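Visitor: So TrEMBL has the following annotated:
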- GLY165, ARG166, GLY167, VAL233: NADP(+) binding site (BINDING)
- 6-120: domain 'Tetrahydrofolate dehydrogenase/cyclohydrolase catalytic' (DOMAIN)
- 139-281: domain 'Tetrahydrofolate dehydrogenase/cyclohydrolase NAD(P)-binding' (DOMAIN)
Amino acid sequence: MSAQILDGKATAAAIKSELTSRVAALKERGITPGLGTLLVGDDPGSRWYVNGKHKDCAEVGITSIRRELPATASQEEIEAVVRELNDNPECTGYIVQLPLPKGIDTNRVLELMDPAKDADGLHPTSLGRLVLGVEGPLPCTPYGIVELLRHHGVEINGAHVVVLGRGITVGRSIGLLLTRKSENATVTLCHTGTRDLAGLLRQADIVVAAAGVPHLVKPGDVKPGAAVLDVGVSRDENGKIVGDVHPGVAEVAGWISPNPGGVGPMTRAQLLVNVVEAAERTGSAG
Ligand SMILES: Nc1nc2c(c(=O)[nH]1)N[C@@H](CN(C=O)c1ccc(C(=O)N[C@@H](CCC(=O)O)C(=O)O)cc1)CN2
């Protein structure tokens, strides 16, 4: 392995340590941030992620509010919990864990959320703010990727970033972050309809692989010295994570994020950042 590691675990730990003092300062001013989660169904991965979010909250002093519904829950039952979280004064921000079960209109659920309580940056108002360059919560995984690169001193300014995957949590939104003046990257978004994917990948200074296709990015697809972020999560027959990036890429890349231990912990940390920033905004309003 020649690539240097983009260590998400260590970076997330540093972010959480800084947040602990910010939460304490908020509490001194009478503001207690509270993160709500809504988990629908019994997908073990989603449950693990939600448990992790509440463990993080306990670590930094944020109050946890958990709501769960069975996989058979109707659109109306889910929307009733969203309304309750909108009205719950203890809950200063919340997330609806995705994906929701088949048959549920996810966009309708997200649109029903109070945008002032969107901790995930995935509400249409938050995404619209990002397009307009107005302050608001940023989508956690893209935000985590930017912070992971910054923390390790990887140059984003002027970089050509090739993104694989057009899902809402990563692929669609990361270009909006990276092309802001503050990041100043050039972004190519690739998907299943992209021609000559390998040719585009070889031009990239930074690759963000979020397609959910095991080992899609091969060593020959990567420019020597490039930074490669492995976001995709597939599982082998033993339940072990298989990322989108072939292990041999570590011999060619300059930087690589492990999976697990790279972007996942950063996603969790940036969720806490969104909750704390929202509480700080409330505290400074008026
Ligand atoms: N409402 C949302 N739903 C989903 C999001 C999101 O940002 N908002 N992203 C993903 C899941 N996710 C957070 O919810 C998430 C994914 C991975 C990790 C993580 O820490 N992973 C570990 C490995 C865990 C394992 O072994 O399975 C790691 O990478 O080290 C945290 C959060 C989809 N849904």
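One is the number of the first residue shown, and numbering goes on along the chain from there.
Including glycine, each Cβ sits where the backbone N, Cα and C put it.
Please go over these features one by one and say how buried each is and what sits next to it.
Guide: Neighbours of GLY167 (NADP(+) binding site), defined as other CB atoms within 10 A of its CB across all chains, total 16.
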Visitor: Identify, in sequence order, the residues in the chain of GLY165 (NADP(+) binding site) that are 6 or more apart from it along the sequence and have a CB within less than 8 Å of its CB; answer 'none' if there are none.
Guide: GLY171, CYS190, HIS191, ALA209, ALA210, ALA211, GLY212, VAL231, GLY232
Visitor: With helix taken as DSSP H, G or I, strand as E or B and everything else coil, how many residues of the domain 'Tetrahydrofolate dehydrogenase/cyclohydrolase catalytic' (6-120) land in each class?
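Guide: Breakdown, helix to coil: 61 helix, 19 strand, 35 coil.
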Visitor: Once near-sequence residues are set aside, which residues in the chain of ARG166 (NADP(+) binding site), 6 or more away, have Cβ atoms under 8 Å from its Cβ?
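Guide: Residues satisfying the criterion: ARG172, LEU189, HIS191.
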